[in-house]
Structure formats: C-alpha cells, structure tokens
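Asker: Quick one: the structure is below, questions incoming.
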Ligand SMILES: NC(=O)CC[C@H](N)C(=O)O
C-alpha cells in the first residue's frame, strides 16, 4: 500500500503545535521525544541505532528513502526509533543493494511515521523551544481533535531520569573475534551498542566480548582470554539519561580503580564523566547528524564527526580537574556550541568521546581513537602522551 492510499496522519507536539501530513510506514499511533537529525545520508544506520529508543526522529534532509533498505547497513537487529518524520519520501528507491523500500520496511517493523511534513518549520520549532514529547497519529486517530491527541502525548514518559540501557542491551554475552591474530581482548558493556563498534576493534586485532548492561564486576574481570581479566574495557553508546545509570557508573569506577585501560563512546563518555565526578545535563535540543565539527584540543585538529546525543558532560574546553582517579581533562569540544565532546584521564589509562568514531553512518575522521585505545592497551602511550598518533 502506498502512502497516499494509507491516508492522512497528524503530528502533535507536547506544546500543542500540530503538523498534518500522510501516513508513512505503519498505521497507528506512537509517542516519544521529538529530535532532529541533520544527516543527509545514512538513514538506515540512524534507524537501527539503539540510542534512538523512545525517540521520534525528524529528518532535516528533504528526500529520504532514495537508496531503499538493504540487508547490510543495519547497526542492530531492528529499527529502534519510536517514530519517523520526513518531508518527501522516495517513490522509487534506487540502489544496487536495495531490497525493499524504506516505507515498506518501516511498515513491516511496525514503525509509525509521517511524510509531507514541513520538516524545516518543525526543526526550527524544536530548536527554539527545545526537545519535547511528540505523537504521530494515523488511521482513525488522525481524525481526532488535536487537543485530545495532545493529552495522549503529554502522558508519554519523559527522557530525563530514565534508565533505558537494560531495555536495549543483549540478554547473553557474545564474542566478536579478532580479524587475523588476536592481540588484545576487550570487555564491551552493551548499553545499546552499534554493530560497527566491535567491528572497528576486531579490525585492529581485538577480540571483543560484548556483555549485558547488567554485567557484574566479576563477569567483566573474567571475560578476557581463557577466563582472565580483559586487556581493556569499553562502554558503548546507548539511550536514556546518564544520571540514572547507577550500576554502570559503579562498575566503571571499579575498572578505573584497577587501572584497566578504558574507552567509552557517547553514553560511555557521559558515564566516564559521572564516574569521575563531572555532572551531566540535558541539552536544549541535542546534536544529531553526521556533519558536526569537533576539535581535538591536544592537536588542535578539527574532525567532522557523527553525533547522536541529547545529554552532555558539564565542563569547559581544556579544563583539567582533580578526580578520585587523578587529573582528568576535557579533551574535545564541539565547535558549534562548545559542548564537551571528549574526556581524558591524565593519571589513569582512560578516555572517551561523545561522538561516533565507528562512523556508521558518518565520516571516518575520528578512527584514530580506536588506535589510541590499542596504544593504551599496548602500553605504548602513557595517558598524557597519547596525542602523538593523532
Ligand atoms: N548515542 C548515545 O550514546 C546517546 C547518549 C545519551 N542517551 C544521550 O542522549 O545523550
């Protein structure tokens, strides 16, 4: 069934603003946090990123679905976004890898979307008023009065204070083998991990044991080769508010105390921040897209990077703090708004970034960070020297 045959749909924001359009994907109703992504490409990776759990994603790129949906680019086993908002969906997808249209895939996975929306107006609204709850309603719901639908939206759970990692994490540990000879073993806590992340490590000779977010310290410490301690610990990206991740923060403090080399991405960066005693806060509307400029303050180099975060670590560019694990510095900042994009411990082998060096989707400028992790484990970089390979 084409979108036109599916009938009308309405998007209703928590503050009462409504946009009418056509149903796209599954027919029904959905609620979540409205966020926008500025990526021009990479929608399949976005849709399947578990960090988007409970979020309704608005695409600022006007044409979405041009390359259809393939069987290779997914970052997890399913689409995680709670809803999808586009202006102009492709009527005829075209790519040699495409297996079906994006609209058909959204429908097959039960994801409610809306098309024909003035996504520029919607994005400007979110930018001015901040991220807020939203609902998409199609089928018989589309005909209901907006005020009634707004009440439904208002009952959706808020993002602040919500611990979501356990809802998206793996139930059972699994191993991603090293490509070629195994040089290191890493325990990766799955807080919503994207499949490209263990892949990038495996390419560097790392065997990755992916553990559930509820893993105990004991499990982490016996997940290395032959049941021994791993050479490094990694914390992944993931949905929810880092302030609510009590178990994971405590686990990380134990890792830092033992001086096991640590690397964190996105949620992992926020959790390193909290483990060190930094605060975290909710950004007005967040950073999402694959075209965000970040400066590595140790080299002054600018990288174009992929982002997906609604929270951030509270700190200033270049700031060095005394923490229970020695000195820690703010190592990277976003050049759009000075938001903290990376942390590095100077006396403990640990660092993290708020953005996505795994680059799925996104530019590969930041892949050097996986090499820094290797250097930390190899002992070829002392924590305060590891800028040398940038
Ligand atoms: N992609 C992520 O890891 C996101 C982290 C956190 N949930 C945030 O929104 O900021």
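Backbone N, Cα and C atoms are what each Cβ position is placed from, and that goes for glycine too.
Automatic, uncurated: that is what TrEMBL annotation is.
The region 'CPSase' annotation in TrEMBL covers 1-182. Marked as domain 'Carbamoyl-phosphate synthase small subunit N-terminal' by TrEMBL: 7-137. Per TrEMBL, L-glutamine binding site is recorded for 51, 238, 240, 270, 308, 310, 311. TrEMBL lists 266 with the feature active site, nucleophile. Feature annotation from TrEMBL assigns active site to 356, 358.
Structural setting of the listed features?
Answerer: Taking Cβ-Cβ distances under 8 Å and a sequence separation of 6 or more, the neighbours of residue 51 (L-glutamine binding site) in its chain are 80, 192, 237, 238, 239, 266, 267, 308, 309.
Around the Cβ of residue 266 (active site, nucleophile), a 10 Å sphere holds 30 further Cβ atoms from the protein chains shown.
If you take the C-beta of residue 356 (active site) and look for same-chain residues 6 or more apart in sequence within under 8 angstroms, you find 194, 237, 265, 266, 305, 306, 307, 308, 362, 366.
The Cβ neighbour count for residue 358 (active site), using a 10 Å radius over every protein chain in view, is 28.
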Asker: Give me the CA-CA distance between residue 240 (L-glutamine binding site) and residue 358 (active site), in Å, as a whole number.
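Answerer: Given the Cα positions, residue 240 (L-glutamine binding site) is 20 Å from residue 358 (active site).
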Asker: To what whole number does the mean pLDDT across the region 'CPSase' (1-182) round?
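Answerer: Taking every residue in the region 'CPSase' (1-182) and averaging pLDDT yields 96.
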Asker: Below 8 Å Cβ to Cβ and six or more residues apart, same chain only. Which residues does that give for residue 310 (L-glutamine binding site)?
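Answerer: The answer is 33, 35, 55, 131, 159, 282, 283, 285, 286.
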Asker: If the L-glutamine site is taken as the center of the Cβ atoms of 51, 238, 240, 270, 308, 310, 311, which further residues of that chain fall within 8 Å of it by their Cβ?
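Answerer: Other same-chain residues near the L-glutamine site: 192, 237, 239, 241, 242, 266, 267, 309.
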Asker: What recorded positions among 308, 356, 358 have a C-beta sitting less than 6 Å from any atom of ligand 1?
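Answerer: Correct list: 308.
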